[in-house]
Each structure stands twice: as structure tokens, then as C-alpha cells.
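*Asks:* Pasting a structure below so you can have a look.
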Amino acid sequence: MSAICALIFAYAGTPAFFSIAAEMRDPRHYTRSLILCQTVISACYIAIGCVVYYFCGSYVASPALGSAGVLIKRVSYGIALPGLIVTTMLTCHLASKHVFVRVLRGSKHLAANTFTHWASWIGCTFGITVVVYLIASGIPIFGGLVSLIGALLATSLSFQPMGCMWLHDNWKRGKQDRSISWSVGVLWSVTIIVLGTFLTIAGTYASVVDIIASYKVSGGSAAWSCADNSGSS
């Protein structure tokens with residue numbers, strides 16, 4: 001279950017799609033961009049996963065770069081570090097923007113260059129960054145943390161809302177024409193909602209148990225510690 005939640009975490013960027021579509025110059029290009037992006041990402045995931053599993057098997061470290069040699073790890077982390085920084089900035093930006101728009105919606109400060117505008121924006125970004133830091137430092141086991149986020153947050157943001165949105169947009173259409181495609185859509189949406197709820201509950205429980213087991217077996221890294229938890233030792 002923890003492995004499934006880790007996979008869900010890898011595809012948990014769905015909530016960011018709305019912000020991207022809203023800022024595109026031509027939203028009609030959104031679908032083709034999404035398909036291209038997800039195809040490339042999936043190909044990378046499959047290729048890297050197959051190669052790592054072929055050479056490491058079930059003994060792969062978490063993160064997987066911990067299974068590589070010293071030189072490969074240093075080079076790989078050096079190449080990956082800029083991408084990790086950009087990813088962190090994008091994640092904080094999207095979450096902060098969501099809160100920022102919610103707070104200032106309907107007021108003149110949302111798009112005006114005022115003190116309230118900048119104070120709210122800086123406060124949102126700083127607050128999101130602090131929350132992320134507290135979570136990452138409080139649960140220093142990488143694999144367990146990824147699974148926990150995937151189960152607790154990724155499912156509730158990427159599964160249930162999507163099923164509910166389809167039902168909200170298409171339910172009235174079924175009163176006039178209950179076609180086979182509409183029935184299949186309803187069945188699929190309900191399945192997604194039920195499956196997401198199951199993964200949220202069962203996945204969260206499994207992730208917590210996995211984190212506790214990791215501490216019992218190896219002691220783990222202490223919370224708020226600067227110890228190396230990259231799996232490189």
C-alpha cells in the first residue's frame with residue numbers, strides 16, 4: 001500500500017493543472033500540452049524504475065540515488081539540485097497563490113500594487129514554506145513521508161475532486177439523455193471517488209505503520225536533525 005501511495009504522489013500534480021490552464025495564452029492548447037507532458041513523465045518514470053530495479057532489485061535505497069556509487073551520486077545530485085530547487089519553488093508558489101487569491105478575492109488589493117497586496121503575498125509564501133519545512137523535518141524518513149503525503153493529500157486532491165467535478169458538470173445531462181457514455185462516466189466517477197477514499201484511509205494507516213517500523217528497525221534519523229537521510233551511506 002505504501003508503494004501504491006508513492007506512485008500516487010508521483011502523479012499528484014493534478015491540482016496544479018487548473019492554475020496552468022488559467023494562465024495559458026491559448027487554453028485550447030491545454031489538452032495537447034497535458035498529454036505530451038504526462039507521456040514524457042511516464043516514460044521517464046518507467047525507464048528509470050526499470051533500470052534501477054534491474055541493477056538493485058528489492059535492495060534499492062530511498063531515495064534511489066543512495067544505491068549508486070559515490071561519483072555517480074555526486075554528479076547526479078549536482079545535476080538534480082537545480083531541478084529540485086525549481087520544483088520546490090513551483091510547489092510553494094502554487095500553494096501560496098491559491099491561499100493568496102482566496103484571501104484577497106473580491107478586493108482591490110488582489111491585483112493592485114499596495115502594501116496589503118505584498119504583505120499578504122509574502123505572508124502566504126513564508127507561511128507555506130514554514131509548514132513544508134516543519135513537515136519535512138518532523139518526518140525525516142524519505143520513503144515514509146512520500147507515501148504519507150501521497151495517501152493523505154494526493155488522493156484527496158487528485159481522486160475525489162475529479163470524480164465530483166465530472167458528476168457536477170454532467171449530472172443534469174443524464175436527466176435528458178441517459179446514454180451509455182453518460183452511464184459509464186457516472187460509474188467511473190463513483191469508482192474514482194470510492195477508490196480515492198479507500199486509498200486515503202488505508203494508505204495513511206499503512207504509511208504511518210511503515211514509518212514506525214522504519215524507526216524500530218534502524219532507528220531512523222531523529223526529527224529536527226541534520227543527519228544524512230539520503231540513503232547514501
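Placement of Cβ uses the backbone N, Cα and C atoms for every residue, glycine included.
Worth saying up front: this structure is predicted, and the values here are computed from it rather than measured.
When I checked TrEMBL for this same protein, it listed these features:
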type: DOMAIN; residues: 2-208; note: domain 'Amino acid transporter transmembrane'
type: TRANSMEM; residues: 6-22; note: transmembrane segment
type: TRANSMEM; residues: 34-55; note: transmembrane segment
type: TRANSMEM; residues: 75-95; note: transmembrane segment
type: TRANSMEM; residues: 115-135; note: transmembrane segment
type: TRANSMEM; residues: 141-159; note: transmembrane segment
type: TRANSMEM; residues: 180-206; note: transmembrane segment
*Asks:* For the transmembrane segment (34-55), what are the same-chain contacts with Cβ under 8 Å, counting residues 6+ beyond its ends?
*Replies:* 10, 17, 64, 67
*Asks:* State the residues, same chain only, that lie 6 or more residues beyond the ends of the transmembrane segment (180-206) and have a CB under 8 A from a CB inside it; answer 'none' if no residue qualifies.
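*Replies:* Distant Cβ neighbours of the transmembrane segment (180-206) are 1-2, 4-5, 8, 147-148, 150-152, 155-156, 158-160, 162-164, 166-167, 170-171, 173-174.
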